[in-house]
Every structure is written in C-alpha cells, then in structure tokens.
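One structure is given below, encoded as structure tokens.
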C-alpha cells in the first residue's frame, strides 16, 4: 500500500485546499464534505442510560443553529449541555474559515428525533455526555428535523481496518493512501455508496510491509485512528487501484478481530456485538421517551417507520464480510483528565513550543506547519490544546515509527507530551546537524572556487553519514537507465546485471572499478535491438547508384537483387560481398553509394597491412587500455544493428606474431556463425547477421581460400575509353572545376582534350590517374587566369576578412621561429580569415587537344601499340594485372646464325616467375613437336639457339595464360612468318596442343582494345565470359574461340605455304654436311 504525502495545509483543513482536493476526484457522485466539528477529550460516562441506546446509532447528528433553550429541559444535566452547545456555536462562528474539517456523509433520509449521542451539540467527536436523559423533552416535528445538521458518529464499534506503514495517522490530520487490493477497493466503493465512509487505520509493526489487510493482531498495533474517507481518487497508471484521502477524528483500540467469512449477523443473533445487545435490551418505551432514534445502517431508511417497531439495520461488518477484508471491533480511547494548571504540563507545552520556534528558524517547512496549526486553533491559547499540540509535534517529525505510535497510544497528557517532545527533539537535532554541515561547507567555499560548492556539500553530507559514494550511485543509475532503453538479449542482460552489482560494491579507488565502468559503458552503447528503416525502393536505388557511378552493371544488379528480396520478405539477412578489381574503378566509393541507396548507416575500415588479431576480435579486459574490435566500434558509431560495413583491402591483410587476422575474419564473415560473434572484450554474443559486409580487393590470389569461400565475389574490370569519357564528363571534370575555385568561371575542357588524356596520358584500367590529370588542367587554368588578370584585380585586401587582416598583422609582427609555436598564436589565428574571390565574367578559357600539352606536358604514350608492324618471332599476348589488363608482347630471336654446326638452345628473360617459365618450356617442346610432325624437312629447332623475352623486365610476370602466345612466337620465328599486329591472343597450352581456360577475359579484352587489337583468340571454355561482356567493350573486336592449337595455327598463319615452310633453312643447314664430309676426308688422309 502506497502512502502519498499530503500538503501541510490539508492536515489542518484549509477550505481552499480541501475544495481543490474534492474537485480533483474522478468520481462524479463524490460529495464535498466540510462540516464544523469540535472533538472533545472528555470520557463518556459508561453509566449514562443514553449510552446504551446510542451505541449503534449512525444517524446524522442534528442541531439548530441557535442553542437549545434551557427551559425545555427540567434537569440540570440538560442545562449544562445547552450551555456547552452555545459555547461551541460561538467558537465555530469565530473561526468559520479556519477550522473546517470534513463533514460526515449525510443520510439519504433524515432520522427522527433530536441529535443522537453520535453528535450531541453538533460536536462530531464529542465524548462527553450528550443531551441528558431525555426526560421532559419534546419530539421535534419533521420540519424541525429537516434543519438538523449531520455529524460524525461518536461510537462506531465495528469497522474495516486498513493497515498503514512507517507513520501513524494522528487525529486532526490528513493522509492519502493508495489501495491496490481489489477486495479493499470494492469495499471502500460500497461504503462510499452507503454513505458510511468510516474506517480505522492501524500502523504495521513491520515498516517494510506493504499490504491492505492483516490476518492477525500481531501484525499491527492495536491503537489507531477512526478516520473518515473524504475523497476517492483514481490512480492514473493502475485502473484497479484507488487513492483514498483519510481524515483522522479520534483514537480507537481494537478489542477483537471479526472473522472475514462468518455467518450473516442479524439484529437478534447471539453473535451480535455487545453494544448491539444493549440496544435490544433497552425498553422501547424508554427510547421513545428520550426522543432518540436508533438509526439503521441500511441506506434509505424511511421516516414513516413507526417508532415502536424494532429497527431493521445492517451492521457495517455484515456487508463488508463479503469482501474478505480486515474487520475489527473497536472501542474509543479517551484521554485521562487534564490538569491544565499542572506545572509539568505547562513546562512540556512551553518546551514543545520553544522547540518548534528553533526548528522554524532553520526550516521553512516547520514554519508553514506551525502557521497552519495556529490558524486551526484561532485565538485559543496553545496551552488550552495540549493534546492537539502533542499530536502536531509527533506527526510533523520524521522519527521512528514505534516512537510515534507510543505518542499516539498515550492517554496520560504528561506522558503524551513527553513522548512527542522526544520525537520533536530528534528532528531538531537532525536540523542542527544539517545546519552544521551547511556551515562547514560554506567555510570551505571561502578557500576554494565557488564552482566546487555542490560537490563539497555532497561530500560533507556523505562523510557525516558514513556512506560516501563519490557519485557511484548516480553512475549505476545512469547505466540502468541506458540499459532499460535497449532490447538486450537474455544472456547479455544477465551479464549486465552481474557487472552493475559488482560495480555497486567496488570502491572507486579500486583498479577494477574503472575496468568495470568502461565495460558497462561499451555494453550499454551497443544498439541492442535497434535497426534503421531500410529503403527497398528499386527505382530509388537505381537513381542513387547511377548518380554516383557509371557502369558497374554487375554490382548494381546484385544490389537490386538484394533489395528485391528484402521487399518481398520484409527484412533481409546480412550478406558478405567482395568486389575484386583494379585500383580506381570505384570499389570503395560504391560501398557508400550502396549504403545511401539502402538507407543504412555506413562504416569503413581498412585491414591492409593489419597484423594484430585484436583489431578484429578486441583485446581481453585484463590488458591496460583494452578496447573492443573494429566491428563493435562500428556498431557503437552507427547506433544500429544493420549498418553497411566496408572492409577495405582484404587481399592485403598481414600476419604477425600477434595472430592471423585473416583467420579471425572467418567467424566475422561467416553467415552461419556471425549471429553470435564473440568479441574478446565484450565476452557476450553479438548478433551480426543483419550487417551487410562489403569487402574490396585488387586480386584474389592472396586471399585465403576458406575466407574467399565465405564471400560472394563480384569482379570489376577496368573501364574502356568511352566509359572513361562518360565518367570524366559527368563526375570528374565538374568536381575538379569546383575544387579549383572555377565553379562559376567560363573554363571549358573540351571533349577532344579528354580523349587525348585517355589515350596518351591515362591508359590504366581505373580513372584515378585521369582524375589527377583533369585536376591538374584546372589548377593550371586557375594560375593562368590570375597571372593574366594580375593581382590588382584579385588583390589580397579583397580576400581577407577583418579578422583575417588582424591575424595577418599579428603574424607579421611575430619574430619567433616557424618551428616553434608562438606564444600569441591565439591572436594569429581566426575562424574565417578569407573569402572566395569572384573572377570577372569577361574571362574565357578553353582547353582542347591542341593546347593540352601546355597544361599537362608532353604525351606519355605516343602510339597505341608497341609495334606498328611486328617482325617474325613477335606475338601480342594479353595479361591480367592488379592494374587491370595489359598487352604482353613475346619476342623470340636467334642468338647466332643458323648453320649446320650450330647447337640448339633456349634462353628466357623478362622477370618471369616459376609458372611462366614452365609455360615457355611447354611452348618450346610443343613447337618442336609440331614442326617435326607437320614440317619434317624444317630442322630449325635442331640447330637454332633461341632467346625468348617478355618486355618490361622490371615487372614480374607469372601465370599460364601466355602459352599459346609463346608457342606462336617460336613458330613465327621458325617459319619466318610475320604476324598480324592487330591480333592478340591468350590461353594456356598443354604439350598436346589443348588450349585451356584462363581468367580475366574482360580486363584482357579492354587491354586489347586499348592496344588497338581487332581480333582476340581465347579458349572456347571462356565463351560464356565473352558473351557476358558489355557490347561497348566488344565493339570493333572480333573474338575467336579456340579448342586446340591447330585452330590458332590456322588463324595466325592463314597464307602459309606448307611446301615452302618444309624446305625452309635447308641452304643454311647444307653447309654443315659439306663441312662434315671435308673433315672426314682430312682425317682419312692423315691416317
């Protein structure tokens, strides 16, 4: 049960505050109750004959506005009561606006007769004798009874008990409690409807307990308060609960607990309470003579009921038993007679008043409470109200619950004042300690900067209390608040709770404190369960990709497939794409465009040269300066579980003594494993299955096979001339122009100049070098414009801002060395020292093919091919390199004149690696075999010493795809036949003449076109690759697939005369035979 604090004014019944409280109730039929009552502490005479008849009376007490005439009552007791009633009315008129307390719920039908004992004289809590024994009094008419005013029942023997915790409710004070037990809620609602809103509140002995019912008297103190429910409010966040505002009227004591599910209690039942029996045993005639009526607990009691009939009523406990709530029989608790002239009482009262004055001087809350109390007692001397003063002292203090309960239970006024004074003195000591701490803090502030005031005050409080935390509690709370906003998996949440609990018990000075704090910081910065809304629009993706990149059809098609799957499924799993291609073709930039097309966050990191596995999987927390891996850092930066992570240069990853990062990537880039990626630092599984990984590489040879198998390869070839032209016009030239400050200047880079740049300056596969050359053109243009116009037109005074001029002046006056930072560097710098200058509109610059060399120098490549006309023994091959494709010439020559006495041999040069050296031997053996088979008369290879060379010796060359080129070069030399200079070929050759599949056909085709080739020979197994090539690459090129070298031979030697070829080199070889015969004859002659 939740106890809500009430404002001080509510405790003392300010009219405006009570009205606000009543109007805030959500019950439309709630009745505002605000009578004027006077509580008396005089004990009721147990021998009074009227006491028995009024024990069960719940009729609303009624009295006239004027005192009763003493002449109407012949007895002295009636006179005395009439006098007392007159005094009460007078007091009420004096403090009409100050002493308003809740009215009782009026009965739906007025009761007959005069005021009952429950409210004699209009005093709702009057405990003294009522209106006498009733002899000689006349019954009032119905019209007189309609003017009577209801009051609080003085005797309420059976009621529902509500346990409260931590602090009892004192008479004369308000308390708001929240009821959550549905049985108690239903019971209160029915009591409110029956207009019997009276309950008892009793303090729980266990301060930590929170309940709305109790099962045994051992759970609560037996003395509590008889309370009236003044308002019922709904609880905003719990529709099944309610908040009841209670006002205490008097003290009661539990005599017994009523069984919650007993038999129905009837008026004549033997189980009826003792007070009920007294009512039944009283003669009916006597009740009539006294003019008193025993009111029924049942709603709507009719006035027409004959007075002589036995009353029909339903006791409170009867209808409440249906709800299984705590029901008790109670007796009123009366104070012992008060001797107001007692010096002890006066001394205690004066001490309490003095303590209140001291507390009010240190705390404004006490000052407000004392002011409100003074308003309730009006002009009455505080000494005349010692009971209420004691209740005030105990209720406003925050003491122990047992001490406040003892003050409530005390019936002796001296004992009550003494216990209340103890509670109040403890509160004063607490205020004095606060004042002392405040003064200590103020004395320290005088010696330190004022900025540390709040921090030092907190530390001083914590030192006095012995619970110094140095902000640790706030740190723990901050972590818990951050974790509450995340959808952590169960395993992660468990680890988080353990680490938070560990942090709460660690000392800030401990070394592990910072380790745990940093770990929790990382754990709460990972976006658990947070994903960005992806855009699966096909048209949008196409627009974005085409806007940023020209060509790259394979990449764009793969991204569109990815988007189409996501559009149909509603979500997509992460993929691992690897784009392989030469430098400068847009591999890295396409990753950012993909992220923009998918509306994903973008993060890039390079693994080129990486040798530490901790960069991928993080360091263990035991190391100083430990950090998570790069992928965890990516999640922290992007704050989403589905970013696009670009891993650049994956083919250049290293390996060292700190581990193998390539092997660490196996878990990261495996779709079957990365849904529970385990970082060494985090040590909890992290789901990376929603991440889209895009890797880039220049070649696949250096990528480990297991890692290569986990990635989806997309090959990007180099750009041909027309693609470079489109990229230069659409992207490179506008960007370079703006970067050079010529955005609004009439500087035109003509199309012919771009073609010249592509053909004679930038023949590489990518466009990076082309971009540099275009930027160089615009930079030269900017320089020429300034030199032609002169600095008078574009002067420095126009470019510098006022701040820039001041900084320049300060910098000129600085004589310090430029290697050292000046002491006045702040004066020499400014946020915006310069502004852009406008070039006059009269300036016009045009760059074409004729004046291009003035901007970029002479051409690097003067011809399209290395050979305009190839001699015998020279063949054009095609090679794949990291830069793309390239034309690879193979040259074969005779080292010496071919004679009958010369010996055969083969020399190889050109920085050839092992595989290519083997290809030369295979080609040499195959060529000799072919000549022996098809041209047996041609003995060229029997006596020829051949030198085979591949140009550009500084470039390493390897691979088997030059086999047919080498064989063709050797056969061209042996047959003494020139080859077509526009014919290029590629293919691996076996010793039997079979042409095998090769790779990189696209790059090689681009290189052949760049070298001016018109015919390409390639293995028939690569025919599918040829068909997939874009038409702009295959344009003007004739592709010839071949299976065997015989197909190559027929193409490269179309006009060969076999008879002539067979008799070739016979003349040179005959001299060998003549020389041999001559030598043999000379030997014979010698013999």
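Placement of Cβ uses the backbone N, Cα and C atoms for every residue, glycine included.
Automatic, uncurated: that is what TrEMBL annotation is.
Looking at 262-315, 316-369, 370-423, the range tied to region 'Disordered' in TrEMBL is 262-315. Looking at 802-833, 834-865, 866-897, 898-929, the range annotated in TrEMBL as region 'Disordered' turns out to be 802-833. Cβ atoms under 8 Å from those of the region 'Disordered' (802-833) belong to no residue of the same chain, restricted to positions at least 6 beyond its ends. With a cut-off of 8 Å between CB atoms and residues at least 6 apart in sequence, the same chain places 878, 879, 880, 885, 984, 986, 998, 1016, 1018 near residue 1004 (active site), listed in sequence order.
Sequence-distant neighbours of residue 961 (active site) (same chain, 6+ apart, CB under 8 A from its CB) are 877, 878, 879, 880, 986, 987, 988, 998, 999. Taking the domain 'Lon proteolytic' (869-1055) as a whole, pLDDT averages 91 in the prediction.
Secondary structure of the region 'Disordered' (802-833), assigned with DSSP and counted as helix (H, G, I), strand (E, B) and coil, comes to 11 helix, 0 strand, 21 coil.
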